[in-house]
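Please read the structure below before turning to the comments.
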Amino acid sequence: QGRIFEKMELCSSLAVRRFVFSGWRPGPAPGVRQEEARLGRVPVRLYRPRGRPRSALLLFHGGGWICCGLDSHERICQYIAKESGSLVVSVGYRLAPEHKYPAAYQDCLSATLHFLQHLQHYGVDPARVTVCGDSAGGNLAAAVSQSLAGSSELPRLRAQILIYPGLQALDFNLPSYQQNRGVPLLFRERAVYYSLHYVQGDTSNLEEVLEGSHIPPDMRLKYSKWVSPDNIPEEFKVRGYKPHKPREFKPEVFEKVKRICEPTLCPLFAEDTIIQQLPESFILTCEYDVLRDDGLLYKKRLEDNGVPVTWYHLEDGFHGIVNLFDYHGLSFPSGKRGLDRVVAFIKGL
C-alpha cells in the first residue's frame with residue numbers, strides 16, 4: 001500500500017510503514033505504573049509492576065531500525081512487567097534513515113550504560129539486569145551485550161533475550177531465506193531493504209546485496225566458519241534448500257556498505273573471545289521466518305563457546321508473531337506461548 005501512496009505522491013512508503021507499524025496504543029494496564037523518562041539523552045518509558053521490582057529488563061523494540069517505537073511495544077512491555085514482576089525499560093532509540101547506523105546501537109548502548117550506572121535510583125538488584133529485543137531490537141540487544149562483555153567497571157548483565165533476531169548481513173540465501181522468502185511479515189527482499197536503510201540511508205544496491213556481491217571473497221571465507229548453511233541442522237533444510245553461489249564481487253558496492261560487517265551491526269561476526277564472555281541467553285526462533293537461521297547460527301556459536309542457551313522454537317510461528325500479542329483481537333496462540341516462555345525465563349533468573 002505504501003508504494004501506491006508514494007506513486008500518487010500522497011506520502012512516502014516509509015511514512016505509511018511507520019504509520020501502520022506505530023501500533024495502537026492500549027490503555028494503562030492494571031497493576032503497572034508507567035512513566036516517561038530519559039536515560040541520558042535517550043527517551044525511555046518505564047513500566048513498574050506492583051511491589052518493589054528487584055529485576056530489570058531493558059527492551060529494544062523491533063521495526064527494522066526504521067519504524068516502531070515506544071507505543072508499538074507497549075502491550076508487550078506491560079505484559080512482561082506485570083507477569084514477571086520486573087521493571088521494564090522501553091528504549092526509544094533514533095530511527096534510520098534519518099539517523100543511520102550506528103545511531104540506534106549507540107542510543108541503546110548509552111541508555112544501558114546510564115541505567116547500569118544509576119541502578120540505586122531504580123532500586124533493582126545489580127545482578128539482575130537483562131537486555132531484550134525482537135527482530136532489529138534483538139540485533140541491538142546482542143550488540144549491546146557484546147559491547148558490555150568483560151567490562152569490569154559495571155555490573156555484568158544477567159542475561160540477553162533475543163526474539164527472532166537479525167544477526168548478519170553476509171548471506172541472504174541461507175535455507176530460511178529461501179524457504180520463507182515470501183512469508184509475511186518479513187519478506188526476504190524486505191530484510192535487505194531494512195538493513196540498507198540502516199547502514200547507508202537508502203536502498204540502492206539492494207539486488208547486489210541479495211545476491212552476495214557486497215562481500216569480498218576473503219571476508220566471506222573468514223566468516224564462513226560462523227555464517228554457513230553447513231552449521232544449520234539438517235532438519236531445517238527438509239522444506240527445501242539449494243546451495244547458492246554468490247555473484248561476482250563488486251568493490252564499489254562493498255565501499256558503500258562496508259560497515260555492514262562490523263560486529264555492532266552483525267553480532268555473528270564477533271570474535272570467540274567476546275562470545276565466551278556473554279551472559280546466559282534466551283533465543284526464540286520461528287519456523288516460517290527468514291531470520292530463523294540467524295538465531296540458529298547464533299545459538300550454535302554461543303553453545304560452542306560455553307554460554308548457556310535456552311532455545312524456544314515456534315514450529316507454527318512467523319516473524320513478528322509475538323508482537324501481535326493481544327493486538328486488536330489478532331493474537332495468535334503460539335505468539336502468546338512464545339511471550340510466556342520469555343516471562344518464564346525472566347522469572348527463572
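Placement of Cβ uses the backbone N, Cα and C atoms for every residue, glycine included.
What TrEMBL lists as active site is SER135 (among others). Its own atom aside, the Cβ of SER135 (active site) has 29 Cβ atoms within 10 angstroms in the protein chains shown.
The active site feature in TrEMBL is assigned to ASP289 (among others). Counting every protein chain shown, the number of other Cβ atoms lying within 10 Å of the Cβ of ASP289 (active site) is 26.
Residues or ranges marked as active site by TrEMBL: HIS319 (among others). Around the Cβ of HIS319 (active site), the same chain contributes SER135, TYR164, ASN180, VAL183, PRO184, LEU185, LEU186, CYS286, TYR288, ASP289, VAL290, LEU291, each under 8 angstroms and 6 or more positions distant in sequence.
Per TrEMBL, domain 'Alpha/beta hydrolase fold-3' is recorded for 57-202 (among others).
Taken through DSSP, the domain 'Alpha/beta hydrolase fold-3' (260-322) splits into 23 helix, 19 strand, 21 coil. The domain 'Alpha/beta hydrolase fold-3' feature in TrEMBL is assigned to 260-322 (among others).
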Local confidence of the domain 'Alpha/beta hydrolase fold-3' (57-202) - pLDDT mean: 97
For the domain 'Alpha/beta hydrolase fold-3' (57-202), residues assigned helix / strand / coil by DSSP: 61 helix, 20 strand, 65 coil
